[in-house]
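**Q** Structure incoming, see below.
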Ligand SMILES: Nc1ncnc2c1ncn2[C@@H]1O[C@H](COP(=O)(O)OP(=O)(O)OP(=O)(O)O)[C@@H](O)[C@H]1O
Ligand SMILES: [Mg+2]
């Protein structure tokens, strides 16, 4: 018998089948174009960072930030819409599907999307010769961790609000700063000392450092367990919040 | 676990639902037996949907006792819902899935295998006559078609108990009769039906037993016939007069008189005799209609209001 979580995942995949063509550009082509233009174009001016080409240096960052942006982007309007306009979760509520199944099914869907994009990205950047260590194969796992750490709290946020204008705040004050100050394009050591702690709070920074250590074959700034632990903690807290937010929204 | 025959699929005592300070359901008692078709009749805001949602285990009772299929909705919600079919008052179909996918996706929520889900979907497409729209998106369907799809979806798990909140509101007469016929078939197969409606004819057609709800309370309970016998007379005379004079006073003594804005209802055991008496008193209504009493009259009597506003 199919687990209800799987049934929820299937529903999202079913819907994605209608949209996948549109998402190919943003999930697969855009990151690569971005990489080529920044990595090779800007790279000519920047030269090397930490003894590697700028392209090799930003590949892991772009991969983690693509995972982050996909996870956040997917978890905004889709989640709010399934409560507010489609009422898909209200429909599920009348079946044996539980709140945890709804959250888990959604997270699996986001994970699947992100991991597939990460694997494709890994393949393409491998062809560019931008992966310097065999440890690069673990980067999709890091992307997955980043995805849950980002998607879970954003999903919870989307399930808590009633108006999509809150998303503008989320993009402006959370998403963009955490992308800019997360060591994707330049090392966080170059940030002013007062801003640097913000980077440490961003799950993306931990993901970027783990990915970079993997593709360049070095050690991340903090112990791997601390980076990974932070991401796991963020993910766990986000999931708990999401379950709470779904339950609150569906009860009355 | 031995399966004992259940006396009540739905058992409620002193059931209360409050939203903040507002009491939507104000202490109702219910028992619905297996195989029964049970109706909630009542005006807007009576608390019908609030009650249905508690029965469907998606809304927690504020107070009172509630058992569904012999189980506790708080503890066994998921196990109960597995055996229910729910057609909510507002359709919540997936607009981006097609008609067939709406059925199969929903079937999967109940743990049906993919093959079984497809088989059920095909059966139900025929059952609600949506076969030729199977591959159509939901959005362009007419309101009546969406309603039929929602009802089909509620049946996908072959439920023992089907909850229908205003199943036919907004349907044209033809679609409504089709649905009645389908629901009647379900009932004959032994499915227990619980429905809410604003339509008297619907309640009379479908329900073995019904309650009239008003202001969160049950105002009356019984079979359609017994309610009419208790709260009305066998016949009703509808009189319209060309002017606004106080005709109600002049009708006194013939039977119970109910003046409505546009007409006067006169309750009588024998309608023709009552009309004869009206004429004998020298009154000249512009139109006279003698009809059998209906639940509408019961409702009017119990609540002082017409049902469909
Ligand atoms: N979630 C809610 N929060 C606050 N009040 C609610 C909520 N749901 C229902 N109510 C109120 O409870 C009362 C009963 O509503 P309910 O939907 O049960 O009525 P109903 O009999 O189904 O009416 P209708 O025929 O219009 O569908 C109404 O006054 C309504 O405003
Ligand atoms: Mg209602």
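The backbone N, Cα and C atoms fix where each Cβ goes, and this holds for glycine too.
Heads up, TrEMBL stuff is auto-annotated, nobody curated it.
Annotation source TrEMBL lists transmembrane segment at A:19-42, A:54-72, A:110-131, A:137-159, A:166-188, A:224-246. What TrEMBL records for A:22-249 is domain 'ABC transmembrane type-2'.
Mind running through what each feature is packed against?
**A** Outside the transmembrane segment (A:19-42) by six or more residues, the chain places 53-55, 58-59, 62-63, 66, 70, 113, 116-117, 120-121, 124-125, 128, 130, 185 with a CB less than 8 A from a CB of the stretch.
Same-chain neighbours of the transmembrane segment (A:110-131): 9, 13, 16, 23, 27-28, 31-32, 35, 39, 53, 55-56, 59, 62-63, 66-67, 70-71, 74-75, 137, 139-140, 143-144, 146-148, 151, 215, counting only residues six or more beyond its ends whose CB sits under 8 Å from a CB of the stretch.
Tertiary proximity for the transmembrane segment (A:137-159) is limited to same-chain residues at least six positions away from its ends with a CB under 8 Å from its CB atoms, namely 60, 63-64, 66-68, 70-72, 74-80, 83, 103, 106-107, 110-111, 114-115, 117-119, 122, 166-167, 170, 203-204, 206-207, 210-211, 214-215, 228, 231-232, 234-235, 237-239, 241-242, 244-246, 249.
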